[in-house]
Amino acid sequence: MAHRPRWTLSQVTELFEKPLLDLLFEAQQVHRQHFEPRQVQVSTLLSIKTGACPEDCKYCPQSSRYKTGLEAERLMEVEQVLESARKAKAAGSTRFCMGAAWKNPHERDMPYLEQMVQGVKAMGLEACMTLGTLSESQAQRLANAGLDYYNHNLDTSPEFYGNIITTRTYQERLDTLEKVRDAGIKVCSGGIVGLGETVKDRAGLLLQLANLPTPPESVPINMLVKVKGTPLADNDDVDAFDFIRTIAVARIMMPTSYVRLSAGREQMNEQTQAMCFMAGANSIFYGCKLLTTPNPEEDKDLQLFRKLGLNPQQTAVLAGDNEQQQRLGQALMTPDTDEYYNAAAL
C-alpha cells in the first residue's frame, strides 16, 4: 500500500483560510476525481432505543441529565425493527441505520442487536449501527452478524472536547473506532459544527479524522440543532458559509470518503444545501428523523434533488435487489410521491 502522508494543522488551517470560491473549486475538482458528482448516497435511520442516556453530551436531548421533554423508550423488539427495515426496503432504501441512546451496549442486549443486523442483512440491505462505546468482543460479534458500518463520532477537536463531554474520553472514542476497524466493519465518524468551537477546533477535528490509519468511509458533518433544555440551546447560529467551508475542507482532506449532510439540514435553505453538494457532500439521511431531531420533509428533499439534477447512488446490494434501486430513484425523482418510509412516523 502506498504511503499516505499525514496532514498537519497548519495545512488544514491554510485550507480554511482560502478564499471561499477557490476552496469550493478545489473541493469540486477533488470530488469529481473520485465520485460521480450528481450521485448522492441515501440512508434511512431508526432510533431503536431513545432517551435516558447517562452521558452528559451538552448538545444532546437524549441525555438523562437535561429536561428536554423527550420521552424515554426501551430497546425496540427485534421484530419491530425488522418491520421498519422491511418498509424501508419496500420504499427503496439501500442502507438501514439503527441508533441507540446509551454509553455502551450491555451484554444482555447483544443477542438482540445481532438478530437485528442479521435480519436487516437477510433483506439485502446494508446494515449500520451507532451504539456508543464497544468492546473488542462486541465489535467482533457485530461483524460476525454482518454489520457493514458503525457510526461513532469524534464530535470536535481533542482540545475543545472537554467543554462538551466529560463522561467519555476522546481516547475512548478513538479506541472504539480502532476496534471497529480491526473487526472488519467500515467506519462512519464525523462531528458537529456550532458547539462554540473555533475554526482551529474544526480544523483539529478534521485532522483527527483524516489522520486515522484509514480515514472513515463516511464522514457525517452535523450542524448543531439547538434543543431547549440542553446547555447549548442558546448557542449562536452557525454561519452558512462557515458550514460550507467545513464541508469543502473535509472533502479535500478525505477525497474517497462519503461526506454526509446530517443533523441540522432542516435549518438550511435550498441554496445552502446546494452549495454543500458543490463543496463535495454526497450523502444524506432522507425521509426520517435523525434520532430526536427533525430532518427536512421528504417532499422538500425530492424537490431539491430534482432542481439540482441529483440522483440516488446505486449502491451494491445482494443480487436480485435491483428493483429497490429503481424504486428509490423513482421516489426521489418523481413528483408527488409519498411512499417513502418515514421512521419518525412509527
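Glycine residues also receive a Cβ, built from the backbone N, Cα and C atoms like all the rest.
Just one of ARG32, ARG260, ARG265 is listed by Swiss-Prot for the same [2Fe-2S] cluster site as CYS97, CYS128, CYS188, and that one is ARG260. Other than CYS97, CYS128, CYS188, ARG260, the residues of this chain whose Cβ falls within 8 Å of the Cβ centroid of the [2Fe-2S] cluster site are, in sequence order, SER43, LEU45, ARG95, THR130, TYR149, ASN151, SER218, PRO220, PHE285.
A sphere of 10 angstroms centred on the C-beta of CYS57 ([4Fe-4S] cluster binding site) encloses 23 other C-beta atoms.
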